[in-house]
Structures are given as structure tokens and as C-alpha cells.
Amino acid sequence: MLGILNKVFDPTKRTISKYEKKANEIEALAQDFEKLSDEALRNKTIEFKEKLEKGQSVDDLLVEAFATVREASRRVTGMFPFKVQLMGGIALHEGNISEMKTGEGKTLTSTMPVYLNALSGKGVHIVTVNEYLASRDAEEMGKIFEFLGLTVGLNLNSLDKDEKREAYAADITYSTNNELGFDYLRDNMVLYKEQMVQRPLHYAVIDEVDSILIDEARTPLIISGQAAKSTKLYVQANAFVRTLKIEDDFTYDIKTKSVQLTESGMTKAEKAFGIENLFDVKHVALNHHIAQALKAHVAMQKDVDYVVEEGQVVIVDSFTGRLMKGRRYSEGLHQAIEAKEGLEVQNESMTLATITFQNYFRMYEKLSGMTGTAKTEEEEFRNIYNMQVVTIPTNQPVVRDDRPDLIYRTMEGKFKAVAEDVAQRYMTGQPVLVGTVAVETSELISKLLKNKGIPHQVLNAKNHEREAQIIEEAGQKGAVTIATNMAGRGTDIKLGEGVKELGGLAVIGTERHESRRIDNQLRGRSGRQGDPGITQFYLSMEDELMRRFGAERTMAMLDRFGMDDTTPIQSKMVSKAVESSQKRVEGNNFDSRKQLLQYDDVLRQQREVIYKQRFEVIDSDNLKSIVINMIQSSIERAVGSYTPKEELPEEWKLDGLVELINTNYLDEGAISVKDIYGKEADEITSFIMDRIKEKYDAKEETYGDEQMREFEKVIVLRAVDSKWMDHIDAMDQLRQGIHLRAYAQTNPLREYQMEGFAMFEHMVASIEDDVAKYVLKSEIQNNLEREEVVQGQTTAHQPQEGDEEKTVKKKPVRKVVDIGRNSPCHCGSGKKYKNCHGKTE
């Protein structure tokens, strides 16, 4: 009964039926469009754009637009999309995943929805896994779009900023997923709006979508710089702070744990370090180091706040008294304590910006993708990306022979059998593709084939250009190719002359992958577009996946039957057990990716807030009101900490507040206790703000409107960038240590969300305090440049194009862009990075 209901109400069938009707409408226009001249066909683009301007939607134009691309493709490339390709294109336009078997023409399928969505002028991104495929598709398919009057861009790692901006400004941009992610991060580190390269993210079509959104989902893209200041400054600040005396040179409030230099302390600092004004923008880093050294000596107590164990500073949880191993204080405080205790000062975090593919691609207004294998991950695509997987029928029925698994006792027996099978097929001239899970297996089989004197090619996904060439030739008579399962994706294996008669391409799998999807990809290499082919997996009881579900019992059974190492078994029971083991592993992997996303969502929300505000800063002509509001918040906090509601006004430490305000915001003697005595807390805030506004207006009068506006931007950008980078580091440390605090009845994710939110609020307050302090106390230099602000920052800044992406071998894998010290600086100053952004104070 259930089976009948499923057939009647199967949503996939309904979707396919709907797409088929639409495809019939497109096909019905074929003859009319064939009669159009080239110019008339080109003019369709102008006509469609006009219709969109008049209020029609892209959905209204679908049938005609698809018919236009179909005819243009026939004229330009000689390829005429089949009906199933039209259906695949409709699925892509609707923001779904088209599951189309290998060889069904996914690349051509994408041209139709890409053209339709590019008509709005907002830009469409076609995403591939490597630059070779991006270049190839831009070259081959780009001709169709250019014939129809649209512009095509190719975004490569080697391009400079102007070339990248041009590539993104095109109607259609081909790029790799890595480059898109890194460009997004770089755009949110620029100092001028004009330096940005990407437009708002509109629509993306991802080729090999399962590889990018699932296999690489847990890979964070990280832009990192070399530590822009040496650890020497911590040691110097530590030595200086040891010479200071409490009350004379600094004040300490035990309740708020805040330590402040007095005027005398500042004078000593300026003398000790040979500078004129400690609050000058140039000396931001020095000021920060002194403040942290003071805090380390005065506010942080050994064996109370931290302990020293095996040469490491370990934080003590103030609530539980437990040691929080793996956690470090942020903003350089940990390094300051290390200097205080005479330990080796560790380098600070160098992460400048980070995002995962999951969160990058979820920012697009509309997202779609193509692959030959997505159905097994349908739930993940639906839950995380809100995309449905639509299995598109093949143009020709699949006649490939998928044979049952052959299972051997040992790996040695299995590999010998594989080599023997390859040798027999080689003798007949049938091409063979041997798929392996690991590079070591490829090398082992290569050795066995060499011993048998069989010529072959080994592929290990290092050289994309060469890889595609080898894969293309893998269908020729007598070809033997050994490849890791993922190698050569996106390149078809076309059968050579006379190969069909030999049974087509033989695909041999040397073990089952933990994901059924990867096994299906390997099978899909054979039998494209109705071609013949066979697939055969060889397994052994020693394979990792087999060991997972209790191969010992089966081994004992084989021993009882007296089976030797040369005889395989074909058992449905074992094959089913393998599949259920794969399903379990897939489920576990999905759960871990889902959990990662829940943790990553905390940082995503914070990143969106910071990047949005940062853009508003570089986009704004006048930040005065924003800066005044920041100062107001900072003053309210300062006043609040000295005028607690639970104390009587007579108990308020107003002398401490006056010292703080005069030192950090106004000038010595600007306000006195007498000025604020007897006032309510909000009256004190208003009084101080009036004095601050007077100082602000006087400063504006002195320097002029234009210079003051640029000065505000410099100060705000410096504060936002340095505090955000510290915050990324702190969140990373919190994330790594949070599971250690999963005490009874505690949900670590909830703890991470709550603590992460508190840390974000603290960061915002810290930004406001920094802006208030430096806007009021720094002097403006005549040749003020935004780039100079970064020299005083706590970390390095933006990478250059052409930098290496390196993968750090940690779990999860991280794709990192490093900044070379001799690279030209991103800011356009013409200086080397080490003499500009990477300059050490």
C-alpha cells in the first residue's frame, strides 16, 4: 500500500513531470528560433532586459531565454541541448541541485539558467573545483554568452585587483570556490571602498556541488599574516612596567580590575621609549603593550588567576578553580604574563579573517549546483542549504554492467586479483580505470602492473592540466589508468575507436570508500551516454570499512569453509553490511558538519555585523555622529564603573573617575572632583560629554573639516580591525576549549553561544573605548594616510594576489593564505609589506 502511495505522491516524479512540460514548451520554439538571423537572436538579450525593466520576472522569460541559448549554442559550438538538459537547467534556475550522470553535458546545461539570471545585470558566478576547469569552461561556454551580447570574466588567483574587479564586473564570472572565498575576505579588509573587487552575491551555479558544499564544507578559508610585531616589545614593556610605582605612576581599581597610567606614568613611558606623545596613532601598539604589561603585573595574580606549569601559563577558571588548559587570554595579555614570569613569549595569533564554504555560499541570494552524485546527501543539502536534489533522467538508458563485489580474505590476495584482472583486459585491448582511495594504494598497484610489464598512467590530482589530459585518454584502446577516486572530476572519459565492441571502459574499484557517493562517482566514469561498460569492486576483510562492522566473524566463517587467499566470495549479506556501514559513517559525518555549522553560525552572525559596520565606515563621508556616540558609550561605562547603584553617592570613588577621564579623554586638570560632586550618574556623564564636545569642536576647528573626517575613519578602522582580529583568535580558543567545560548538565554549544556573545559585547565596548581615547588624545599629522594606521596594529593585514594557499595538516583542514614579508603591500603604497603593514613597532 505504502509503495503505491509513494508512486502516486512521489514529489520527485511530480517535479520531473513539471520540468518536462516546461521543456516541451522550449522545444516547441526551436523551429521559430532557427529561422532568426544572428542579429535577431542577439537582440533577444536587449528585448529580455527591457522586459525585466518593465517589471517582468526572470521566471516569465524562462521559456524564451532557454530557447535563445539553445539556438545560440547550436550556432557557436555545434551542440544542441537535449530535452533532459533543458530540465536540468530549469532545476538549476529554481535554486536546486541537478543530479545528472557523468557525460550528460552538465556544463552545457548550466549555460541556460546562467544566461537567464545574468540578464538582471547583478552578476552570476559559475564555480568550479580548479582553475583548469574554470579556464576551460570560460573559453568554451563563454563564446555562447558573448555571441548573445553578455560579458564573461575569468577570476584567477594570479590576477591583480584591477583585473579581478573587471572579472567580477562581467555579467558572468567563472571562478574557483577558493578564490571566491578569499576575495570576499580580502574585500572586508580593504581601507578604501574602491579597493573592493566583488559585487553583492547574487546567483551561483556550483559544478561538482557535492565536492564543494559537502566534502570541503568543514574547510575554513583563513587569511593569515606573519606576526606584525616581534615578541621583544612584550619584554621591553615588562621591563618598563617594573620601574613604575602605584599611585604615583598608575592607579588600580580592585573592583573593576582596571589599571591606568597617570600623567607621571605617561611622561616616564615617553622618556623610556624616546617618543613625544604616547597617544599618537603611530604608538598604538606600544601603548597596548604597556597597558597589558600593567594589567599582567597588577591585576593578574599567580596561583589565583593563573598557574605556571611546565613553562606554560595556564588559566584558572575563577568559578570552578579548574585549570583551563588550551585556553589563552586574548589581546596580548597572555604574552604579557609570559614576559612577567620570564617564560618564552609565544607568537600571537595571526588569523586576520576566516570563513567556511558553508557560510560563504549561504550568503548568495540564490544557489544551485550540478553533480553526478548527490542523492545520498539529499537531507544535508535540504537542511543546510535549502536546496532540493532533482535526479534528471539520462538522455540514453544506462547499459553499464555493475557487478557484485568480490571479497577476498586479505589485502594481498585482493591486489593480486586486481592486477590479474587488469592484465587480462589489457591483453584484449579493453581500457581499464583502476580507482583507489589513497595514493599509497595507487603506488602499490602501479608496482604490481610494472612487474607484469603493463604500461599505465598514474594520476594523483597534483597537476590539473596533465590530469585532464590523462583522463581524456583513459578511454582509448589498451589504456590503463590508475587514479585516486576524486582525480579528474569534471573531465569526461570518451571511448576510443573500437572500444565499444570490447565492452566499453572497465572500472575497477580497489576498496569501498566510506561514502557511497564517492563509489558512485567512480562507477559513473563508465557507461556515459548509453555507452557499454563494466564496474567491479574488489574488497578484502582487511579493508578499513570491513573491519568496522566486525570482519572477524566473517573471517572465522571463511576459515571454517577452508577458503584460501585466491578464492573470492560474492555475498549479498556482506555487500549489504558494507552499505549499512557506509550509511552509518555518512550519518556521523553529516552530524559533525551540522554541529560545526551550529558553532560556526555564532561567528557568522558576528562577522556579518562587523563587516556591515566596517563597510559603512569606509562608505561614509562623515563619521562624526558615530564617533560621538562611541565616546558617549565609553563615558557611560566609565562613569557606571565608579558610581555603582548599590553604593551611596558618598562612597563613590570620584577621584578615580576624574583621574581616568583626564588621563584618557581630556587633559590634566580639565575636570575636578568639585565639578561633579553631588551630581547623579547621568548628570556626571552629561557634564563630561559637554567638556569632550568642546575639545572635539576645538580640534575640528584647528585641523579643518576634511582632515578631521579622514582622521575619524583612520581611528575607527584601526580599532575595528585590531579588536576583530583579537576576537577571532579568542573565539577560536574558546571553541577549542569549550568541550573541556562540558560538565554535567551543561550543553557546550549553549555555553559557546552565551560566552561568544559576551565576548562580542566586550569587543564592541573595547572598540568604543579605543576610538574615544585615540580620537581625543592623538594628534593629527598633516600627511595623514589611512595606510599608516595599520602600522600600529596588533597584527598584519591583507595578502597580495599570487600568494600561496597552504593547507595546514590539522583537523579540520584549513586553507590559509600567508603574507610574505617581501611582498608588495596591499595598500598601494609601493613599499614592501615588511616596511608597511608588517612594520614592527
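Residue numbering: from 1, along the chain as shown.
Using N, Cα and C of the backbone, Cβ positions are placed for all residues, glycine too.
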Need a hand: Swiss-Prot gives Q85, G103, E104, G105, K106, T107 for ATP, which of D402, D405, D421, D492 is also on that list? D492
Pick the one among the binding-site residues Q85, T107 whose Cβ has the fewest other Cβ atoms within 10 Å in this structure. T107
Counting Cβ neighbours within 10 Å across all chains shown, tell me which of the binding-site residues E104, D492 comes out on top. E104
Starting from the ATP site formed by Q85, G103, E104, G105, K106, T107, D492, give every other residue of that chain whose CB sits within 8 Å of the mean position of their CB atoms, in sequence order. M100, T102, L108, T109
Cβ proximity for K106 (ATP binding site), under 8 A, sequence spacing 6+, ordered by residue number, returns G88, S98, M100, D207, M370, T371, G372
Span of the recorded ATP site, as the biggest CA-CA distance among Q85, G103, E104, G105, K106, T107, D492 in Å, is 16
